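Peer 1: For reference, the structure I am asking about is given below.
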Amino acid sequence: MNPIVKQFKYGQHTVTLETGAIARQATAAVMASMDDTSVFVTVVAKKDVKEGQDFFPLTVNYQERTYAAGRIPGGFFKREGRPSEGETLIARLIDRPIRPLFPEGFFNEIQIIATVVSVNPQISPDLVAMIGASAALSLSGVPFNGPIGAARVGFINDQFVLNPTMNEQKQSRLDLVVAGTDKAVLMVESEADILTEEQMLAAVVFGHQQQQIVIEAIKEFAAEAGKPRWDWTAPEANTILIEKVKSIAENRLGDAYRITEKQARYEQIDLIKADVITQVTAEDETISEGKIIDIFTALESQIVRGRILRGEPRIDGRTVDTVRALDICTGVLPRTHGSAIFTRGETQALAVATLGTERDAQIIDELTGEKTDHFLFHYNFPPYSVGETGMIGSPKRREIGHGRLAKRGVAAVMPSLSEFPYVVRVVSEITESNGSSSMASVCGASLALMDAGVPIKAAVAGIAMGLVKEEDNFVVLSDILGDEDHLGDMDFKVAGTREGVTALQMDIKIEGITAEIMQIALNQAKSARMHILGVMEQAIPAPRADISDFAPRIYTMKIDPKKIKDVIGKGGATVRSLTEETGTSIDIDDDGTVKIAAVDKNAVQEVMSRIEDITAEVEVGVVYKGKVTRLADFGAFVALVGNKEGLVHISQIAEERVEKVSDYLAIGQEVIVKVLEIDRQGRIRLTMKELAKDQTKNEENLLQSEEGSPVQE
């Protein structure tokens, strides 16, 4: 075996591409490494197309092996299971920029598998996987119009940083991944700490310029190690069939696309489609339904795109920069902690915020170890939202991706745990959908968080932009419909505050998207975002002053770290009895910070009082109220504060001589005692002598009524 290796410098890292030694039965296989992070990527492409295949079956799988980090998986089976949310998101990250680079009409099945086999904790494997997938496709010989490059851009001390390490990323105000060809950007995924539109665009341009090194290296690698290009040509257009479909459907489709209501429009389009299929197949039974539908869809695209480029009204009658009608309601669910319904045209999100304690935080078992997430965001897209029936179950890739985008949009304005000691979960239920439900989720989440009294730094709104481009003629669309997304050339989503951008996601289906077009889209998105924020601020101008009556109240107190074991008790018995008896939740940090959560304020005060008693120190000369726990011939043991116990010697029970302890004291009896001495071993000597004559008076002078409380002398 003589592997072929290509090595090049990429920013501060060294990238190595190797092929020819492993997985030689795959169509192509590449071991891509960036320093010590290695991802093994394979491509298998079928030479034959399944009969009746009318779509491109591309599958991208990304999987992390725990051995890559020198770990053994947890759980009973001790092996990796179904893909995690993080793995699903990275699979989407690989898929999005490569899918548009396969030619129209190419329906051969392709599977890409990226396996993380070694990981340096400072270098994320996602970028390495993208580079490896691009290289493997370039070697495979399939009709792939790549290669693509990929770059991560950080923003530290007002400077762009190429492929920052994990430690550098913690100081960065930006996490942006950009992928594209040598000519154009194809995909952007980012999260930002409220940067300007100009800074975001500059980051995209910077990343695209830097990744040219990767593209050139992969071209050289493919020239040396690549397989012969497949002899594939796109099937010739059936002009007779195209004209036939056009003659039946064009005018009727034109009228249908003037129906502004989505369901009514779809019903009319379905009728036209069924009529076309019936008429065409009646004349020639050999023509497949799939081919007719492809031509029908292309005709729909021509009609919609042509109208937009000619400056005619859009499908729903709007101009290119008009945002659909907005409707906002907050506090819609009485027993939840915060809720809002955000409606934009025919897209609607019900967002609900829930506050929890630190024990509600999500523990994520990542490749390099466990991570705790205190802000959870879940996006649900039920079939009824588009008027369909379907399966209900675990979230699909799309739901996971949309939820993460919405979370990125809101994360920058969330308070820190020290500012607001709650774990926060937001759920966005999409109840209607006709374009940009993820951005509706951002708006709904912002409203629900404010309704819940979460002190977010500013309101956040999101907007989806579209593009229709033919040669040098282009139109940027604000607040796109589902059809405009499907038939357009770009899906460009921007979330942010009045001050700047918090998240940017871009997927482009064509080449030739210039920085000028992106700048126009960003400016138009800013204008739309300001309009939406204005309406949101009218509904709820600031976070509620107080949290919901149904949300847990979290109170904090400090104890001596040495006393933590006393509060917890043997095997957790003490803290468990506190929580069970009061209905509270108690979390104790190593520094002695105690967080007590409960809906009932009185329960919290009771717990705080009991913890103060448990952790209190017994002092010499102080008088306490205690309870007799044991009797002995030589005296009585009395429970004091802080789980401490002292001895009242028989000679210290009364002024007169005591012959028998049980004549004066009984187990469970409350008594007033004074601390005489605490010896080196911590043993406490008590006396009742001076206090025995006037126990009643001392009881009236109690500072606190609880067992073990000190009293005034």
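In case you wondered, yes, glycine gets a Cβ from its N, Cα and C as well.
These figures come from a predicted structure and were not determined experimentally.
Okay, these came from Swiss-Prot:
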- Asp485, Asp491: Mg(2+) binding site (BINDING)
- 552-611: domain 'KH' (DOMAIN)
- 621-689: domain 'S1 motif' (DOMAIN)
- 694-713: region 'Disordered' (REGION)
- 701-713: compositional bias 'Polar residues' (COMPBIAS)
Peer 1: Check the DSSP secondary structure of Asp485 (Mg(2+) binding site), expressed as helix, strand or coil.
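Peer 2: For Asp485 (Mg(2+) binding site) - judged by DSSP and reduced to three states - the answer is helix.
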Peer 1: Which has the fewest other Cβ atoms within 10 Å: Asp485, Asp491, the binding-site residues listed?
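Peer 2: Ranked by other Cβ atoms within 10 Å, the binding-site residues Asp485, Asp491 bottom out at Asp485.
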Peer 1: Which value does the mean pLDDT take for the domain 'S1 motif' (621-689) in this predicted structure?
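Peer 2: Mean pLDDT for the domain 'S1 motif' (621-689): 87.
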Peer 1: Does DSSP put Asp491 (Mg(2+) binding site) in a helix, in a strand, or in coil?
Peer 2: strand
Peer 1: Do you know the DSSP helix, strand and coil residue counts for the domain 'KH' (552-611)?
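Peer 2: Its residues fall into 32 helix, 16 strand, 12 coil.
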Peer 1: Give me the DSSP three-state residue breakdown of the domain 'S1 motif' (621-689), ordered helix, strand, coil.
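Peer 2: Result for the domain 'S1 motif' (621-689), in helix, strand, coil order: 9 helix, 33 strand, 27 coil.
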